[in-house]
Amino acid sequence: MSGTQRTLTQNPLEKTWVPSLKTRLSQRRGSSVPQFTNSPTMIVMVGLPARGKTYISKKLTRYLNWIGVTTKGINLTPQGFTRDSACAIAALKDVCDYFTRGQGQVVVFDATNTTLERREVIRSFAKENGYKVCYFLGQVKLTSPDYADCDKEEAVADFLKRIDCYKLTYVPLDDDKDRNLSYIKIFNVGSRYLVNQVQDHIQSRIVYYLMNIHVTPRSIYLCRHGESELNLVGRIGGDSGLSTGGAKFASALGAYLRGQCISDLKVWTSHMKRTIQTAEALGVQYEQWKALNEIDAGVCEDMTYEEIQENYPEEFALRDQDKYRYRYPKGESYEDLVQRLEPVIMELERQENVLVICHQAVMRCLLAYFLDKSANELPYLKCPLHTVLKLTPVAYGCKVESVFLNIEAVNTHRDKPVNVDVDREPAEALETVPDHV
Amino acid sequence: MSPLTCGVSLLSVPIGSELEQCPAEWAESSRGDLAMSTWASYMTNSPTVIVMIGLPARGKTYMSKKLTRYLNWIGVPTKVFNLGVYRREAVRAYKSYDFFRHDNQEAMKIRKQCALVALQDVKAYLTEEGGQIAVFDATNTTRERRDLIQDFVKENSFKVFFVESVCDDPEVIAANILEVKVSSPDYPERHRERVMDDFLKRIECYKVTYQPLDPDNYDKDLSFIKVINVGRRFLVNRVQDYIQSKIVYYLMNIHVHSHSIYLCRHGESNHNVEGRIGGDSELSPRGKQFAHALRSFIEEHQLSDLKVWTSQLRRTIQTAEELRAPYEQWKILNEIDAGVCEEMSYEMIQNTFPEEFALRDQDKYHYRYPGGESYQDLVQRLEPVIMELERQGNVLVVCHQAVMRCLLAYFLDKSAEDLPYMKCPLHTVLKLTPVAYVQTVQTFYGKMSRDSVLIHRRNSYTPLSSHDQVKRPRLYSAGNQPWLPLAPTPSALMPEGRQSCIGSESD
């Protein structure tokens, strides 16, 4: 017979089932997402400076962190120009620390690793420590943000000096001699890729991501549906229609967009009535994505915060303790939401001008991706009703313009209360609940 | 009244203030507007022709079939057009490699004619039969042939994407020949050495005129992927759209190493015993026995480096726990969400939601439980699992009935109509191993299968996968049903001979 059947206990925060015995097998990271990387990976950027390497490495770092792969960028372009390799050695120590103590999984090593000698240093360092290495040669032509704030002439002079110096020692990766290395070469502003020996899940995800991003100027508009019937009465979730205010917002949205004179705007909504009703008022084609549906609040669907406190006070407190990882009973967590939204992000990268009409939690996740917000900040990002956020990629990040369309709406933002203990008083739990009918 | 369906671009239809969800009336619009019933409907309306390029025995047919199976599974109607089939139609008896000599003028005429006929079929598939992607599986090794195809594509406003397979490893080529060519209809006597000899000479004929894609000059504006040495290296050029980037991603993740995938459900659960669907119950005593048997099974088969995956529901985890091996939990392997019907028995559903029960039987693949999911949603949810299964070696997936049906449908190329009725009984392990172009399935029954509750509902089971790739119009609208009792379904609409039975699990 089965003998000792180990019992499973449910982690109260994430609602994941784990064996109650602490054995070697149960020492898992306790994440709701499977971990694919066993060995840490170093992505090493190779190539001449100011060719968009820093852009790519920052973007990649942002994407990987957002999908839950702890990634850190280690940048080696110092202010004053020096080819000193002591800098590189110090950086490698940082890498080691990050992988062992910091529990990191990926490091994006952005430096001008052009000399054969320096590449060899990195390669042997990785081999010694059992790290995987993937070289990345980005030759994306971009105006370098490095020089954004500098005097033009000075910048150009300095830049040319750097290029000249590096050219002398630059040895590109050789297709034949380096055929056993993992590397990705990008040519011609991303229209062509050469991918060699992609080893694992993370590397193939990275290649897929890189193939989908572009640098054509465009804007992404994020907003929530218009105020809904359930919003008015302070209830979460559900699938209600727009309130009168919400309907007014929908037409105001139409007017705003027409004013913006956007060429070829794509409009996306979720499958829920309130976003669809909002889009309908625009009188244009739109696409529905189930992945854009609001976070599933499970047993708490359609409840007010007061009701949640009354019926599930412990759940309510756990949520305040770790809002990102907290999963509603029979529902989802923000962490689950991010996984669900990854194809949306991938498609947003491919597209140009897009308006996404979604929901509060969903909008927070998308915003966190574009603005590089951590898992701790993400669930508290402010995404009020009737406000459009216009995101325009610039330099290494995103410019945000917030436009309130002047139609009154309830506030649905609940800040983290001071007391998050399970044994707190109801009043303490409810102190940050916004007003409603 | 505005019919709403998932992932479909609507024309701007002026509506009143009411949005109704209606399980009916899908307005048939013109071909150009009838959007793809996939979750990625923003894919352009232009159909795409994928053109394979490469010498014989480079894995073109292997990639064509696999890619087609994947695209159909994710909901993009795709079909392979293999030129060899056309050639065998035109020239009944294959004699020898002489047919393929580049100076054999009569043969060349026949071969070109075959290509033109095939392209006409491609055109019909993409314009009249509802196809979205046609895979033109032929050597296409000369510029002349590829220019011909490009003219055809331009004439018809299709998109084109080339997939070239380049391989210079003689071992790989020999292995390919042995695996698929020896059993080809061209060589009925199957004499290995003679086949190998003739086939290698056939390849030499093609080599004379082979002009590979030239990314730096002649072909620099084409959209293509060059697969070099079975995926050791890829060159990707000018990916135009979503579907091309998915194709590239897929091709980069598949491999040809031999591996087996084991699919099974969790052991019998307490809900199974009570006839309830969904929920998060524990294993019954019989279920625990199965878990124990599963452990012996794995030990017997000495599966090296076996990865074990479960969902995040208790019953699969308890099953895996018994294996005493590390396992990964995937939330996306969770059973289909039955929404308001969760934890009900089929009897309760029949009594409480009779119209829902009937609707489900009408189109089980597209039907979405109120507040829950459909099989179609499940496929979308499971796509990352499939992608990762392609990357991995030996994997055991301990999952659930509806989930297992979706995964199995991918491996066995079952249509959306067949998928929801595939037999996935408890306490049974399916071992899938790729051989040549197909998956072989070995079924292992647990000792308890005779006694365990029969889960599979006695319903009509369509044994053959339908080759009809045309997407049918949707019956159901998006999202959740408003909580209103609907009129009972007129009996005339109930499919004949259908009876609902009591089972359990979301069936």
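Just so it is clear, glycine is given a Cβ too, placed from its N, Cα and C backbone atoms.
Same-site candidate for substrate binding, as annotated by TrEMBL with A:Arg224, A:His225, A:Gly226, A:Glu227, A:Ser228, A:Glu229, A:Leu230, A:Asn231, chosen from A:Arg179, A:Arg192, A:Arg274, A:Arg319: A:Arg274. On the backbone, the CA of A:Leu230 (substrate binding site) and the CA of A:Glu294 (active site, proton donor/acceptor) stand 13 Å apart. Within its own chain, A:Ser228 (substrate binding site) has A:Ser240, A:Gly241, A:Leu242, A:Ser243, A:Gly246, A:Arg274 as residues 6 or more apart in sequence whose C-beta sits under 8 angstroms from its own. Around A:Glu294 (active site, proton donor/acceptor), taking its Cβ as the centre, 24 other Cβ atoms fall within 10 Å, counting all chains. Within 10 Å of the Cβ of A:Leu230 (substrate binding site) there are 21 other Cβ atoms, across all protein chains.
Within 10 Å of the C-beta of A:Arg224 (substrate binding site) there are 29 other C-beta atoms, taking all protein chains into account. Calculated from their C-alpha atoms, the gap between A:Arg224 (substrate binding site) and A:Glu294 (active site, proton donor/acceptor) amounts to 10 Å. Sequence-distant contacts of A:Gly226 (substrate binding site), defined by Cβ-Cβ distance under 8 angstroms and a gap of at least six in the same chain, are A:Leu242, A:Ser243, A:Gly245, A:Gly246, A:Ala247, A:Lys248, A:Phe249, A:Ala250, A:Leu253, A:Arg274, A:Gln277, A:Thr278, A:Leu385, A:His386, A:Ile407, A:Ala409.
In the three-state DSSP scheme, A:Ser228 (substrate binding site) is classed as strand. One way to see the shell of the substrate site is to take the Cβ centroid of A:Arg224, A:His225, A:Gly226, A:Glu227, A:Ser228, A:Glu229, A:Leu230, A:Asn231, A:Arg274; the remaining same-chain residues with a Cβ within 8 Å of it are A:Leu232, A:Ser240, A:Gly241, A:Leu242, A:Ser243, A:Gly246, A:Leu385.
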